[in-house]
Amino acid sequence: MSSQLGHESSVSSPLSYKTDSNAFTREYAESLDAQDPLRDFRKEFIIPSKVDLKRKTLAIDDSSKDESDPRCIYLCGNSLGVQPRNARKYIDYYLRTWAIKGVTGHFLPHEDQLLPPFVDVDDAGAKLMAPIVGALESEVAVMGTLTANLHFLMASFYRPTQERYKIILEGKAFPSDHYAIESQIRHHNLRPEDAMVLIEPEDRLKPILRTEQILRVIDEHASSTALVLLSGIQFYTGQYFDIEKITAHAQSKGILVGWDCAHAAGNVDLRLHDWNVDFAAWCNYKYLNSGPGGMAALFVHERHGRVDMDKVGSDEEPFRPRLSGWWGGDKKTRFLMNNNFLPQTGAAGFQLSNPSVLDMNAVVASLELFNRTSMAEIRQKSLNATGYLEHLLLNYPADFSTGKRPFSIITPSNPAERGAQLSLLLEPGLLDSVLETLEEHGVVVDERKPDVIRVAPAPLYNTYTEYPTYRT
């Protein structure tokens, strides 16, 4: 395997849950929490209480502060992360700046500011985001929304010719990705049935895509493919693709490679720059906790973000073609309004409009927490916690009459091939009753009809003690 997965396969877990008969007890889980180096991060987040989940109003009352009201077991960070406690402070500071400075807040700094003036707030976001995805600061822009960013990137990187016009993607890609790719193909007056290559699982009951299968499809269509666009982590199964190996293989065939990292950013230890990825995009409201529909981000490798000043004014393109907007323009000339577009170097040159400072504050509130640790530490906790939860589930009592458990786990069993997610395929007809039972016990998970629930133990705020309770 490539270094991406091979490195993680060699990680030795300090946990002994597979051989310890006490692993199913609360006391054992509490001992794991006691030795967790990330345990103090939980207090940095607001976990909904069981009472909160059942409230019919949003009005704040004293009961919401009742310490006897237990927190819910929130295992849905792969769908929407919980609120960082400091989000309110960041947003309050933004509102205060807007209130007392108005338009001058774009340029005037404050001694007690959390973020720079409005005009530079996107730079602060990029600086904090870069280490989370393994990128240079210049390769990241915090901007827009995920599907819009995919369109912007494909406008630059999908440039079909008569010979190369196909896009390779998962057969069960997230619907918005599928729609975006299909519409880009139609935009170029091509037929999706000719230009979309869908990689389907070989086993319907175990819907994962083997790396060898993906590479084989790339080989079969190499001479006619313009772009490979896959998910870093597959939203349905939780499978972590071998980004480095797939990228290198496709590029060796002259194919550009992009990744939707919606379920990977803030989840696994990405190395987008080192893996030579051409481009990537992701949302920030899942593992990165920016709030519903929060501002997204994109990555453009430095080789694609260069601006050749020697070619400015010549017949040669000084920069990669793209959809352009004023916020992507050179800062030195941005406010001259001369209508001569010259982009900033790097991913910032792919920006279009000025960013929502309100949304940027919500993103940065969480990124600041991630920057207090490292993705390597977060990933190690994820490997431990997801493995522990898997162990508990695999030892769930079987039905006495059939000898079978009422579910199977369709997420890869190899820890290096998954993130902080386990997808459980339930026996037909069980979904509604299982969800009802979980809701009664204050457990929040994600459903994918007809029969799958996705469980995501988020390393920064979930505890080991929660998992025996969830299993029960």
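Cβ atoms are placed via backbone N, Cα and C, with glycine included.
Database features, via Swiss-Prot:
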BINDING   Leu146, Thr147, Phe174, Pro175, Ser176, Asp177, Ser231, Asp260, His263, Tyr285, Trp326, Asn354  pyridoxal 5'-phosphate binding site
MOD_RES   Lys286  N6-(pyridoxal phosphate)lysine
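The structure, with features from Swiss-Prot marked on it.
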residue : record                              : Cβ neighbours (10 Å)
Leu146  : pyridoxal 5'-phosphate binding site : 24
Phe174  : pyridoxal 5'-phosphate binding site : 18
Ser176  : pyridoxal 5'-phosphate binding site : 14
Ser231  : pyridoxal 5'-phosphate binding site : 26
His263  : pyridoxal 5'-phosphate binding site : 29
Lys286  : N6-(pyridoxal phosphate)lysine      : 24
Trp326  : pyridoxal 5'-phosphate binding site : 15
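Ser231 (pyridoxal 5'-phosphate binding site) sits 15 Å from the residue listed as 'N6-(pyridoxal phosphate)lysine', taking the C-alpha atoms as the reference points.
The maximum pairwise C-alpha distance among Leu146, Thr147, Phe174, Pro175, Ser176, Asp177, Ser231, Asp260, His263, Tyr285, Trp326, Asn354, the residues recorded as binding pyridoxal 5'-phosphate, is 31 Å. In sequence order, His263 are the binding-site residues from Phe174, Ser176, His263 with a C-alpha within 10 Å of the C-alpha of the residue listed as 'N6-(pyridoxal phosphate)lysine'.
Under DSSP, Ser176 (pyridoxal 5'-phosphate binding site) is assigned to a helix (H, G or I) in the three-state scheme.
DSSP assigns His263 (pyridoxal 5'-phosphate binding site) to coil in the three-state reduction, outside any helix or strand.
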